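Trainee: Copied straight from Swiss-Prot:
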DISULFID  41-75  disulfide bond
DISULFID  44-52  disulfide bond
DISULFID  71-94  disulfide bond
DISULFID  109-120  disulfide bond
DISULFID  122-127  disulfide bond
CARBOHYD  57  N-linked glycosylation site
LIPID     128  GPI-anchor amidated asparagine
REGION    54-67  region 'Loop 1'
REGION    77-91  region 'Loop 2'
SIGNAL    1-32  signal peptide
TRANSMEM  137-157  transmembrane segment
C-alpha cells in the first residue's frame, strides 16, 4: 500500500541519488583541474604590506604590486573586518599554504561565523586580486538544497 511515509522515503531516496550523482560529477572535476596545473596567485597581507589592498593599482610598476607566486592548487583570498567595516585586513595566498582539502573548497566562498570576514577560492591566474571575488555558485546551491531537503524530511518523518 502506498502511504505518505513511503512516498516521502521514496522521494528522499531519489533526491539523494540525484544529488550524490551531481556532486560526484561536478566537484571532483573542479578539484582535479585546480590541483593539476600551476597558476599564479598573489601573496600578501595588508597588515604588513601596503601593496595588498583592494583594488590593486594595476598601473604601478611590478615592484609596487603584491608579489605573485606559482601555485599548485587554488588561489585564496581572506578578508576580515577588524574593529569596524572600514578597517579591513586582506590576506592572499595559495591553498598549498593551508591545511585544506581542495575537494571541500574549490569555487567556494565561506563566511566567518561571526560575519566579520570571508575566505574565497579560485583557480585562474591572479584571480585572488579581484575586489569582487565570487564563487561559481553551483556547489553552494546544491549544499543549500541538501540542507533544506534534510530539514524538510526530518519535519515530515517526525509526524
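Positions of Cβ are set from backbone N, Cα and C atoms, glycine also.
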Trainee: For the disulfide-bonded residues 52, 71, 94, 127, which one has its C-beta crowded by the most other C-beta atoms within 10 angstroms?
Mentor: 71
Trainee: Between C-alpha atoms, which of these disulfide-bonded residues comes nearest to residue 94 (disulfide bond): 41, 120, 122, 127?
Mentor: 41
Trainee: Cβ neighbours within 10 Å, counted over all protein chains: which one of the disulfide-bonded residues 41, 44, 109, 120, 122 has the most?
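Mentor: Per the Cβ count within 10 Å, the most buried is 41.
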Trainee: Please report the DSSP secondary structure of residue 128 (GPI-anchor amidated asparagine), reduced to three states.
Mentor: helix
Trainee: Among the recorded positions 52, 57, 71, 75, 128, which ones place their C-alpha within 10 angstroms of the C-alpha of residue 120 (disulfide bond)?
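Mentor: Checking each Cα against residue 120 (disulfide bond), the hits are 75, 128.
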Trainee: Looking at the recorded positions listed here (52, 57, 128), whose Cα lies nearest to that of residue 75 (disulfide bond)?
Mentor: 128
Trainee: I'd like the number of other C-beta atoms within 10 A of the C-beta of the residue listed as 'GPI-anchor amidated asparagine', please.
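Mentor: Step by step: centre on the Cβ of the residue listed as 'GPI-anchor amidated asparagine', count other Cβ atoms within 10 Å, giving 28.
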Trainee: So, in DSSP terms, is residue 52 (disulfide bond) helix, strand, or coil?
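Mentor: Looking at the DSSP assignment, residue 52 (disulfide bond) belongs to neither helix nor strand, so coil.
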Trainee: Using a 10 Å cut-off between Cα atoms, which of these recorded positions sit near residue 122 (disulfide bond): 44, 52, 71, 128?
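Mentor: Qualifying among 44, 52, 71, 128: 128.
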Trainee: Do any residues at least six apart in sequence from the residue listed as 'N-linked glycosylation site', in the same chain, have a Cβ closer than 8 Å to its Cβ, and if so which, in order?
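Mentor: Listed in sequence order: 64, 65.
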Trainee: Quick one: Cα separation, residue 44 (disulfide bond) versus residue 71 (disulfide bond), in Å?
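Mentor: Each residue's Cα considered, residue 44 (disulfide bond) and residue 71 (disulfide bond) end up 14 Å apart.
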